[in-house]
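Annotated features in Swiss-Prot:
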DISULFID  Cys37-Cys77  disulfide bond
DISULFID  Cys73-Cys129  disulfide bond
DISULFID  Cys118-Cys138  disulfide bond
SIGNAL    1-19  signal peptide
Amino acid sequence: MKTFVLHIFIFALVAFASASRDSAKKIGSQYDNYETCLTEHGLTEDDVFSIGEVSSGQHKTNHEDTELHKNGCVMQCLLEKDGLMSGADYDEEKMREDYIKETGAQPGDQRIEALNACMQETKDMEDKCDKSLVLVACVLAAEAILADSSEAA
């Protein structure tokens, strides 16, 4: 049975909702097609941004545009292999359904609102790689903010 382990939004939830967050972990590194996507795009694990870099936005200032694009291509590859993207197009309903199924989020949950906002923010981007990285960064940043606000509460 095909699992949804590549679902990048679940990755964001696990990364930031977990009490033992590992901000040094590479985005997408725990998924089955990670090595395949790295190989397809000519990257090594050292080339991939960490969760901490992406959630804080440091990836935008610490890396060249070509590195940003290549990381985005790896994210797009993971999303596409899980059937959540085709080229530069999201399957928004499938993303929501998978996210809800995997996280147990309920209607009105701030995580779903964040996912929807991130998809809306990126929907008109045409480059599939850039679009994927911006989407992932948006979700990771939102998850970090939500995790911080719930820890403070």
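Heads up, the Cβ atoms here are built off N, Cα and C, so glycines get one too.
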Residue from Cys118, Cys129, Cys138 whose C-alpha is spatially nearest that of Cys37 (disulfide bond), among the disulfide-bonded residues: Cys129
Cα-nearest neighbour of Cys77 (disulfide bond) within the listed disulfide-bonded residues, Cys118, Cys129, Cys138: Cys129
Rounded Cα-Cα span from Cys138 (disulfide bond) to Cys129 (disulfide bond), Å: 14
Cys73 (disulfide bond) and Cys138 (disulfide bond), Cα-Cα, nearest whole angstrom: 16
Cβ neighbours of Cys138 (disulfide bond) where a neighbour is any other Cβ within 10 Å: 20
Those residues of the chain, 6+ apart, with a Cβ under 8 Å from that of Cys118 (disulfide bond): Leu135, Cys138, Val139, Ala142
Chain-internal residues, separated by at least six, CB under 8 A from Cys73 (disulfide bond): His41, Lys128, Cys129, Ser132
Residue with minimal Cβ packing [other Cβ atoms within 10 Å] among the disulfide-bonded residues Cys37, Cys129: Cys129
All-chain count of other Cβ atoms within 10 Å of Cys77 (disulfide bond): 24
